[in-house]
Amino acid sequence: MGCWRKIQSSGWIFPTLILCMYGFFVMMRPSEPFLTPYLTGPDKNLTIEEVTQKVFPVWTYSYLALLLPVFLLTDYVRYKPVIIIQGISLIITWLLLLFAHGVQAMQLVEFTYGMVTATEVAYYAYIYSVVSVDHYQKVTSYCRSITLVSTTAASLLGQLLVSLAHVSYFYLNAISLASVSMAFISSCFLPMPQKSMFFHKKSSPEVSIGPTDKNPSDTSNQPNYQQGKDVRRSSENSQKTHQLFKNQDPKHFLAVLVQLCKDLKECYTTKKLLYWSIWWALATAGFNQILNYVQVLWDDKAPSHSSAVYNGAVEAIATFLSSITSLAVGYVKLNWDLTGELALGIFSALDAGSLFLMHFTGNIWACYAAYVVFKACYMLLITIATFQIAVSLSMERYALMFGFNNFVALLIQTLLTVMVVDSTGLGLDIGTQFLIYGSYFAAIAGIFLIRSLYTIISIKCQTNIAGNPRTNEAEDQNINGYATRL
């Protein structure tokens, strides 16, 4: 009893523990890797065309429609109510999956699941409102690690139950319903935050993510460092403006929105942040599209009604390798300002190659392996992009760019869905879709490989001219102007 009181009075252990419990149960969904076989099987009896062209696109549309309103509401109501809404949405989703039938009912499932994904921001933002800055790194690692562990365990559990115990997909969904119900119950015990990032700020000094006290002499090999420092300084100046809206009536909501728009404009005028954000939006749109339809491709290569299904094992391996690649980024010592865009180009090319292989191969195992490579490469790059953006910004501006980048990604994904997948558009077969997705990532790779080549050449030109004593001032200005245009 004394130990429990100590945990509650610690200030950060209790909310972190409850949030980790919530994250574990939310992601403990062993039925998710088997959604397509479940919908096209005897339980729901939908055709693969109905699932691909009429059901799955609803998730993209609902996610896009809900993301921005939910993002603002999350901060305004201080996170906990939105986490509870997410738990309720998960329960409704799995109740419908278990007991509803027909295309329209499954479209409603996708809509409620769109609410689930739109409210995910509350889970990752909540902890920063209830713990001190000293514990940010620790609690972030706990919360993110528990979701990866739970996802891997759920996928493995689902695969073992299907392959060894021959449990039906219906009972996998029943287990998922029990898990998300536990998540909802645990969310009710979360302490209510007293502050938020935008609408309920405290007057304490803001702490930026990333280095703020480096000696300028340490930045000689980082050509974009000064830009990041300028963004941090501008962010600190805008804190006074944010304070005007502290504890104000809802009528000031519009004024806060105006200030957020100004913050976004200042962030995207920094070339480094702009280029990383462009890749983030383009690649995330493609990644979400692949996640949404890869099970349909697997079912096309090896129909679930006549072949063994190993979707759970593949998802577990892909998630595990993705966590390893993400972790490895923290131990790689590179000048990402110089090599980051090259990495984006190379690994995006690997993603494109994986998708082309998934299109052309008739072997389901090659298709599985290509998916594992694709997911691991994306998770590696998104980790680098996240760090490169976060290191230059305050917590508020990072959250703002995170939300806006995802919104742009959803816009792009919606265009892909309307043009390629939806029956109102081209309504292409799943194999042709993945050929287009491979071409899409090949275009991304080409953009950033060309961009990285120009960056490297411009930096070498600047270095050579700086070492030439006969170079006049006019030539220096020409080179600097050329590099700026890049």
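Cβ coordinates are placed from backbone N, Cα and C, and glycine is handled just like the others.
Noted in TrEMBL for the protein shown:
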| type | residues | note |
| --- | --- | --- |
| TRANSMEM | 12-28 | transmembrane segment |
| TRANSMEM | 56-74 | transmembrane segment |
| TRANSMEM | 81-99 | transmembrane segment |
| TRANSMEM | 111-133 | transmembrane segment |
| TRANSMEM | 145-164 | transmembrane segment |
| TRANSMEM | 170-192 | transmembrane segment |
| REGION | 204-243 | region 'Disordered' |
| COMPBIAS | 217-227 | compositional bias 'Polar residues' |
| TRANSMEM | 273-296 | transmembrane segment |
| TRANSMEM | 308-330 | transmembrane segment |
| TRANSMEM | 342-362 | transmembrane segment |
| TRANSMEM | 368-391 | transmembrane segment |
| TRANSMEM | 398-418 | transmembrane segment |
| TRANSMEM | 430-450 | transmembrane segment |
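Of the two recorded stretches, the transmembrane segment (81-99) does not lie close to the transmembrane segment (430-450), with fewer than three CB pairs under 8 Å once pairs fewer than 6 apart in sequence are set aside. Only pairs six or more apart in sequence are counted, and the transmembrane segment (12-28) with the transmembrane segment (430-450) gives fewer than three Cβ pairs under 8 Å, not enough to call it a contact. Of the recorded ranges 170-192, 273-296, 308-330, the transmembrane segment (342-362) has the largest number of C-beta contacts under 8 angstroms with 273-296.
Within its own chain, the transmembrane segment (111-133) is flanked in space by residues 11-12, 15-16, 19, 22-23, 26, 58-63, 65-67, 70-71, 74-75, 78-80, 82-83, 85-86, 89-90, 92-93, 96, 139-140, 143-144, 190-191, 193-197, 207, 395, 399, 402-403, which lie at least six positions past its ends and keep a Cβ under 8 Å from the stretch. Within its own chain, the transmembrane segment (273-296) is flanked in space by residues 33-37, 48, 51-52, 56, 59-60, 227-228, 231, 267, 311, 340-341, 344, 348, 351, 355, 358, 371, 374-375, 378, 381-382, 385, 388-389, 392-393, 401, 405-406, 408-413, 416-417, 421, 430, 433-434, 437, 440-441, 444, 448, 451, which lie at least six positions past its ends and keep a Cβ under 8 Å from the stretch.
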